[in-house]
Amino acid sequence: MMELAWIIPLFPLLSFVLLLLFGKRLKEHSGIVGMVLVGFSFLLSILVFVDRYSNATFKQEFTWLQIGDTILTVGFEVNALNAMMLVIVTLVSFLVHMYSRGYMHGDKRIPVFYAYLGLFTFAMLGLVISTNLLQTYVFWELVGLGSFLLIGFYFYKEEAKAAAKKAFIMTRIGDIGFFIGMILLFWQVGSFEYDEIFASISSSSISPTMVTLCAILLFIGAVGKSGQFPLHSWLPDAMEGPTPVSALIHAATMVAAGVYLVATMFPLFAASETAMTIVAVIGGFTAIFAALIGMTQTDIKRVLAYSTVSQLGYMMLALGSAGYVAGVFHLTTHAFFKALLFLAAGSVIHAVHTQSINEMGGLYSKMKTTAVLFLLGTMAISGVPFLSGFFSKDEILIATWMNGNKGLFVLALIAAFCTAFYMFRLFFLVFTGESKVKGHVHESPKTMTIPMLVLGVLAVIAGYMNTPWFGAFLHDFLAQDAAHVGEVVHGPAWIMIVATAVSMLGILLAYVMYKKQAVQRDWFTSYIPMTYSAVKNKFYIDELYRVTFVALTSGISKVCKYIELYVVEGVAKVVTSIVTGVSSIGSKTQNGQVQMAGAVAFIGLTILLAVMVVKGGYFG
């Protein structure tokens, strides 16, 4: 079945084309078309995964362009890593399509919405099965286009337009790094093919300095796509798009692409200690940085957005600490519990028509299914024992400690405490206490709750795929392809105990403050107001960018504008005036009179004779 993997992206592409052509006729039925076609992709992904589990990696390429000795190819590959990603992307996309039938019901542009979902899914699937960097880059940019269209879906809202532009521009900054790194690798290797790049690294035919430079440049691309510091601020603003879009972006597509790129190019990063350190430091810092901000947010989707930034930081920390399996493991578990959390948040928003958690409360009794599933997702991301996040987070902490990154290990523990605190703060404020909701509240329809139920089950059981009870399935599966996976690492038991205790402390503090209200909620603002203000305002990163990069760009643009208006156009006007004046004088001599023609001929002959005399002509 692996030879049919190239068909998997074509189903959502077909959905995109059909809905653009016939969406106006299909109207509400557009969701069925999109869901069925993505469902076919999911079923085929399962078959491909099973086939890959039993057989070796499959790869097929075709010559696209040949210039001299250089051959550019297109193709597809099925290996352990992307076989898993195919299943994750198609499953989450299928569930989002199903969920959207309830959430987007009544929207006038629903065919366009499903068309964009199809394009977005196609782009991510194309990226996943790519066999070379150039093909990956093409789909990488297409993923960016899809996110731009979906984030700006409510284009009539200024906030949505601004968020879409911000996402597009900030990710382009990272993409420049990706592009330069790709070109440098081609210059060194003479090929964009992954296999040839890795072979050149293994044979040390690329200098260590160049390996480090290329790895850092590719990582800049990953930083942009995965919302890592300092290119993180577009991701929370992307919440202006419809909530199902947020689930897809945060769980299985765009932000996952950056982590997937680092995992795919892991042999390149592993060949440079400097590059690995940079990946780990950026990841560790982002994890704690975003977790702190998440503690102060009051928009339900923004809390989840900052949790995504933080969890992606965990994944980068794992990869930078040589924890390849740990990073991929957390990417997998995070896809399920984060999709669940966003869809559950969408269920709440759909019922109460607000995103402010200060206007919610007491929803447990009115939305029990949503509340229980949101609690499951909250427990999973917080690292509650025996749920998926517990296993994958602990593996990241073990990888960090065993790699000698003691400082980053401490940061990761603090981030774990913050995560447990702000996620249970969110749960208690939304679902417990006195209700502040005006009007009647009811549970969401089955088209919305069924996808959440599926994700709820996965949020519980997905973590067991890499436990000794199941023979470390994930590790062994990934190790079939990659020597860099290494042996199974068993860290000291105290790491699990400490990590669990830290998470429980975070939950306990949230319970005391927001459920029991035994501690004054505003003690933080009262005792250290400046610190709280900084965290609440996201450490003023956006403001800093506005007074530096935005102001600088605006200033340069104004200078260029004045140069264009007064220098370039001014010179053009002067030249035009001179030519016009000379032409005007010349035109007066062409009046058709014989006398004027004779005079001009005489003057010309006189000038010619004068030149000949000066040059020593016939009279010399």
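Just so it is clear, glycine is given a Cβ too, placed from its N, Cα and C backbone atoms.
For 30-50 (among others), the entry in TrEMBL reads transmembrane segment.
The domain 'NADH-Ubiquinone oxidoreductase (complex I) chain 5 N-terminal' feature in TrEMBL is assigned to 64-114.
Same-chain residues lying 6+ beyond the ends of the transmembrane segment (80-100) with a Cβ under 8 Å from its Cβ atoms: 5, 8, 12, 31, 34-35, 38-39, 41-42, 45-46, 48-49, 52-53, 57, 113-114, 117, 121, 124-125, 128-129, 242, 244, 247-248, 251-253, 256, 260, 263-264, 328, 332, 335-336, 339, 343, 346, 447-448, 450-452, 454-455, 477-478, 480-482. The feature transmembrane segment is assigned by TrEMBL to 80-100 (among others).
Look at TrEMBL and you will find 112-131 (among others) tagged as transmembrane segment. Same-chain residues lying 6+ beyond the ends of the transmembrane segment (112-131) with a Cβ under 8 Å from its Cβ atoms: 5-6, 8-10, 12-16, 19-20, 23, 30-31, 33-34, 37-38, 41, 59, 61, 73-78, 82, 85-86, 89-90, 93, 96-97, 100, 104, 138-140, 142-143, 145-147, 149-150, 153, 193-194, 242, 244-245, 248, 252-254, 256-257, 260.
As annotated by TrEMBL, domain 'NADH:quinone oxidoreductase/Mrp antiporter transmembrane' applies to 130-417.
Taken from TrEMBL, the feature transmembrane segment applies to 201-224 (among others).
Outside the transmembrane segment (275-296), and at least 6 residues removed from its termini, the chain residues within Cβ reach (under 8 Å) are 211-212, 215-216, 219, 223, 228-229, 232, 262, 268-269, 303, 306-307, 309-322, 400, 403, 405, 407-408, 411-412, 414-415, 418-419, 421-422, 425, 532, 535-536, 538-539. For 275-296 (among others), the entry in TrEMBL reads transmembrane segment.
The transmembrane segment annotation in TrEMBL covers 303-329 (among others).
Per TrEMBL, transmembrane segment is recorded for 335-352 (among others).
Here the transmembrane segment (372-391) has Cβ contacts under 8 Å with residues 307, 311, 329-330, 333-334, 336-338, 340-341, 344-345, 348, 416, 419-420, 423-424, 426-427, 430-431, 449, 452-453, 455-456, 458-464, 466-467, 499-500, 503, 506-507 of the same chain, all six or more residues outside its ends. What TrEMBL records for 372-391 (among others) is transmembrane segment.
Beyond the transmembrane segment (411-431), the same-chain residues lying 6 or more positions past its ends with a Cβ under 8 Å from any Cβ of the stretch are 284-285, 287-288, 291-292, 294-295, 297, 300, 303, 307, 310-311, 313-314, 317, 348, 357-358, 360-364, 367, 371, 374-375, 378, 381-383, 393, 396-397, 400, 498-499, 502-507, 509-511, 513-515. Summarising the annotation, TrEMBL assigns transmembrane segment to 411-431 (among others).
Through the fold, the transmembrane segment (452-473) approaches residues 95, 99, 325, 329, 332-333, 336-337, 339-340, 343-344, 347, 369-370, 372-373, 376-377, 380, 386-392, 395, 488 of its own chain, all at least 6 residues removed from its boundaries and within a Cβ separation under 8 Å. Per TrEMBL, the feature transmembrane segment maps to 452-473 (among others).
The transmembrane segment feature in TrEMBL is assigned to 493-514 (among others). The list of residues near the transmembrane segment (493-514) in space but at least 6 beyond its ends in sequence, with Cβ under 8 angstroms from a Cβ of it, reads 382-385, 390, 393-394, 397-398, 401, 413, 416-425, 428-429, 432-433, 521.
Marked as transmembrane segment by TrEMBL: 594-614 (among others).
Within the chain carrying the transmembrane segment (303-329), a Cβ under 8 angstroms from the stretch's Cβ atoms is held by residues 81, 84, 222, 226-229, 232, 235-236, 238-239, 246, 250, 255, 258-259, 262-263, 266, 269-270, 276-291, 293-294, 297, 338, 341-342, 345, 357, 381, 391-393, 395-396, 398-400, 402-403, 405, 408, 412, 415, 418-419, 422-423, 426, 465-466, 474-475, 478, 482, 484-486, 489, all 6 or more beyond its ends.
Sequence-distant contacts of the transmembrane segment (30-50) (same chain, at least 6 residues past either end, Cβ-Cβ under 8 Å): 1-2, 4-5, 7-9, 11-12, 14-15, 18-19, 23, 78, 83-84, 86-87, 89-91, 93-94, 97-98, 100-101, 104, 110-111, 113-115, 117-118, 121, 125. For the domain 'NADH-Ubiquinone oxidoreductase (complex I) chain 5 N-terminal' (64-114), the model gives a mean pLDDT of 91.
According to DSSP, the domain 'NADH-Ubiquinone oxidoreductase (complex I) chain 5 N-terminal' (64-114) comprises 29 helix, 13 strand, 9 coil.
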